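Student: Take a look at the following structure, please.
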Ligand SMILES: Nc1ccn([C@@H]2O[C@H](COP(=O)(O)O)[C@@H](O)[C@H]2O)c(=O)n1
Ligand SMILES: C[C@@]1(CO)OP(=O)(O)OP(=O)(O)OC[C@H]1O
């Protein structure tokens with residue numbers, strides 16, 4: 001059986017926060033604001049997995065009102081959701097994701113993001129594709145007010 005899911009997330013860029021995307025801290029004058037570490041890419045991937053599993057969304061499992069998730073490491077949230085997939089008998093087909101950011105430049109950090117994601121999902125890096133695009137200075141991403149990410153995930157399990 002094949003199941004697909006998609007995820008989308010946005011976080012505001014502000015001063016005084018680290019810029020953590022795909023589990024990698026990127027040197028930049030601003031960082032992403034959120035209850036957790038605000039890792040917009042991992043949140044989009046986590047939501048895509050939950051979508052494929054039919055298990056709701058990230059906020060259902062990790063409410064932003066719960067102090068337990070204050071400054072949470074989003075790698076741990078992804079890890080926990082990946083446990084749900086394993087328990088349901090799924091393995092990863094592939095992930096394709098896009099970071100939507102005018103700045104900072106992501107390209108140099110993408111191989112490390114792929115490594116982190118593959119390691120967290122017990123997968124091979126060739127199952128994970130991460131891309132980045134600007135919005136040509138248009139909209140909130142183009143003005144540098146925030147960063148968005150979207151992801152598609154394909155999960156597979158053998159028919160019984
Ligand atoms: N934050 C970003 C945005 C884009 N890139 C890379 O630049 C290429 C061109 O971006 P366009 O928005 O002009 O299509 C894109 O394909 C990415 O490789 C980036 O590294 N970081
Ligand atoms: C991850 C959670 C929980 O700490 O908080 P945020 O970092 O604000 O992120 P968001 O993308 O709004 O997702 C759901 C939240 O419940």
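Including glycine, each Cβ sits where the backbone N, Cα and C put it.
OK, TrEMBL features for this one:
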- 9-11, 35-36, 57-59, 62-66, 101-107, 133-136, 140, 143: 4-CDP-2-C-methyl-D-erythritol 2-phosphate binding site (BINDING)
- 9, 11, 43: divalent metal cation binding site (BINDING)
- 2-155: domain '2-C-methyl-D-erythritol 2,4-cyclodiphosphate synthase' (DOMAIN)
- 35: site 'Transition state stabilizer' (SITE)
- 134: site 'Transition state stabilizer' (SITE)
Student: Provide, as an integer number of angstrom, the distance between the C-alpha atoms of residue 66 (4-CDP-2-C-methyl-D-erythritol 2-phosphate binding site) and residue 35 (site 'Transition state stabilizer').
Tutor: 9
Student: Cα distance, residue 35 (site 'Transition state stabilizer') to residue 62 (4-CDP-2-C-methyl-D-erythritol 2-phosphate binding site), nearest Å?
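Tutor: On Cα coordinates alone, these residues lie 10 Å apart.
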Student: Quick one: of the recorded positions 35, 62, 133, 134, flag those whose CB is under 6 Å from ligand 1, and say none if nothing qualifies.
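Tutor: Among 35, 62, 133, 134, near ligand 1: 133, 134.
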Student: Determine which residues of the same chain, besides 9, 11, 43, have their CB within 8 A of the center of the CB atoms at the recorded divalent metal cation site, and list them by sequence.
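Tutor: Leaving out the recorded residues gives 10, 32, 34, 38, 39, 40, 41, 42, 44, 148, 149.
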Student: For residue 140 (4-CDP-2-C-methyl-D-erythritol 2-phosphate binding site), which DSSP three-state class applies?
Tutor: helix
Student: Between C-alpha atoms, which of these recorded positions comes nearest to residue 9 (4-CDP-2-C-methyl-D-erythritol 2-phosphate binding site): 35, 43, 134?
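Tutor: Answer for the nearest of the recorded positions: 43.
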Student: Once near-sequence residues are set aside, which residues in the chain of residue 140 (4-CDP-2-C-methyl-D-erythritol 2-phosphate binding site), 6 or more away, have Cβ atoms under 8 Å from its Cβ?
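Tutor: In sequence order, the residues whose Cβ lies under 8 Å from that of residue 140 (4-CDP-2-C-methyl-D-erythritol 2-phosphate binding site) (at least 6 apart) are 10, 146.
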Student: Using a Cβ cut-off of under 6 Å to any atom of ligand 2, determine which of the recorded positions 9, 134, 140 qualify.
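Tutor: Passing the 6 Å Cβ check against ligand 2: 9.
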Student: The domain '2-C-methyl-D-erythritol 2,4-cyclodiphosphate synthase' (2-155): mean pLDDT?
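Tutor: Looking only at the domain '2-C-methyl-D-erythritol 2,4-cyclodiphosphate synthase' (2-155), pLDDT averages out to 98.
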Student: Determine, from DSSP, whether residue 134 (site 'Transition state stabilizer') sits in helix, strand or coil.
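Tutor: Note: residue 134 (site 'Transition state stabilizer') is coil by DSSP, not helix or strand.
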Student: Rounded to a whole angstrom, what is the C-alpha distance between residue 133 (4-CDP-2-C-methyl-D-erythritol 2-phosphate binding site) and residue 11 (divalent metal cation binding site)?
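Tutor: Spelling it out, the Cα of residue 133 (4-CDP-2-C-methyl-D-erythritol 2-phosphate binding site) and the Cα of residue 11 (divalent metal cation binding site) are 16 Å apart.
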